[in-house]
């Protein structure tokens, strides 16, 4: 029970947000209408992605000093999981944009920068494929991962603030904060973030265990 | 001041080697000039000043990837071992970055001159601010590409990897540069550009700091 409580918590929270997110009341705002519910499903994807990429950078730093294979696998598997959440974030955002902005992809700065930061991690995976020797691969890809991380932070958190964007939470648009103040939405939104972060972490641990079993098999 | 001495010596070595062969500077210069000429021939009449600006930065981007990536990719194993024995990794990285910045400054200045000569109808009203953007561009391109070319050269898979690895990293910088340059093209007062100049400086400091921290691990084989 000690080891599984957070998995149960994560599943319960995600199931709760899926049901409550669709059924509970939301404020009526022009244009947004019912699409405001996307907040519960779109924003937690980015939180989960950021947490997973941070885990990856942590293990990249660690693998540079320990040179252990386990740390390297942890770094790459958390990137693999994080990319899935990034893609889900892009897809949920695009669907929302179709109903509020009129197009799936309207080259809004936030969309572009999110897409570029996902590209950054695809580049990381390609770099890994390009090197055959395991130790060398671990070292060089860890270096690229750490080098790229500050750039991703600039892309996702700094640049969008310098540009005009239609995205909620930017400029004079009805913002993230104004929904957040609605206590009904807060009851669903915060559990959703926590739940998806836990689920993301769970997926990552499963992937890590699978990969290390595969590696063990190969070495025998 | 061991480090400063080493850096000075290594920069001297780089400049001397380049001066003897003049391969990189002439090669990239010819590349830039022929690209601008090709663009001129294919566009003939450029739509507006925004296209003028975007085209310039695209040409600069590819020229600097070609110019800067030489720094590590071109070196032989023996040359790398030579500097490994002689100097500290920080000195190697700093000297390469400084040398690349100098190279890019010369290159971009000539390129901007030639570009305004060919497409003279769109010369920005605030040429000084545009030149500031070009200088910031040279510095940013060399700090980012020097580290990425070191990574690509250690991965042992030259050209294509260099492009794949550097594009996602350079795009945020490029967006800031184009914005800054657009301010100059539009002739806005300087106060409107302080944000971009400050951000570019911060990004550069960040890049150099992470490179200095990481390069020693990369350098040791």
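Cβ coordinates are placed from backbone N, Cα and C, and glycine is handled just like the others.
Any TrEMBL annotation is an automated prediction that lacks curation.
For the transmembrane segment (A:7-27), same-chain residues at least 6 beyond its ends with a Cβ under 8 Å from one of its own Cβ atoms are 34, 36-37, 40-41, 179, 182, 184-185, 187-188, 191-192, 194-199, 201-202. Look at TrEMBL and you will find A:7-27 (among others) tagged as transmembrane segment.
Residues annotated as domain 'Cytochrome c assembly protein' in TrEMBL: A:35-159. Looking at the domain 'Cytochrome c assembly protein' (A:35-159) alone, the prediction's average pLDDT is 90.
Annotation comment: TrEMBL describes A:39-61 (among others) as transmembrane segment. Sequence-distant contacts of the transmembrane segment (A:39-61) (same chain, six or more residues past either end, CB-CB distance under 8 Å): 17, 21, 71-72, 74-76, 78-79, 81-83, 85-86, 88-89, 92-93, 96, 114, 121, 141-143, 145-146, 149, 152, 156, 176, 179, 185, 188-189, 192-193, 195-197, 199-201, 204.
As annotated by TrEMBL, transmembrane segment applies to A:82-101 (among others).
Feature annotation from TrEMBL assigns transmembrane segment to A:113-131 (among others).
Sequence-distant contacts of the transmembrane segment (A:143-162), counting only residues of its own chain at least 6 positions beyond either end whose CB sits under 8 Å from a CB of the stretch, comprise 46, 50, 53, 56-57, 60-61, 64, 75, 79, 109-110, 113-114, 116-117, 120-121, 123-124, 127, 170. Residues annotated as transmembrane segment in TrEMBL: A:143-162 (among others).
The feature transmembrane segment is assigned by TrEMBL to A:188-206 (among others). Under 8 Å from some Cβ of the transmembrane segment (A:188-206) lie the Cβ atoms of residues 6-7, 9-14, 16-17, 20-21, 24, 39-41, 43-45, 47-49, 51-52, 55, 77-78, 81-82, 84-85, 179-180, all in the same chain and six or more residues away from its ends.
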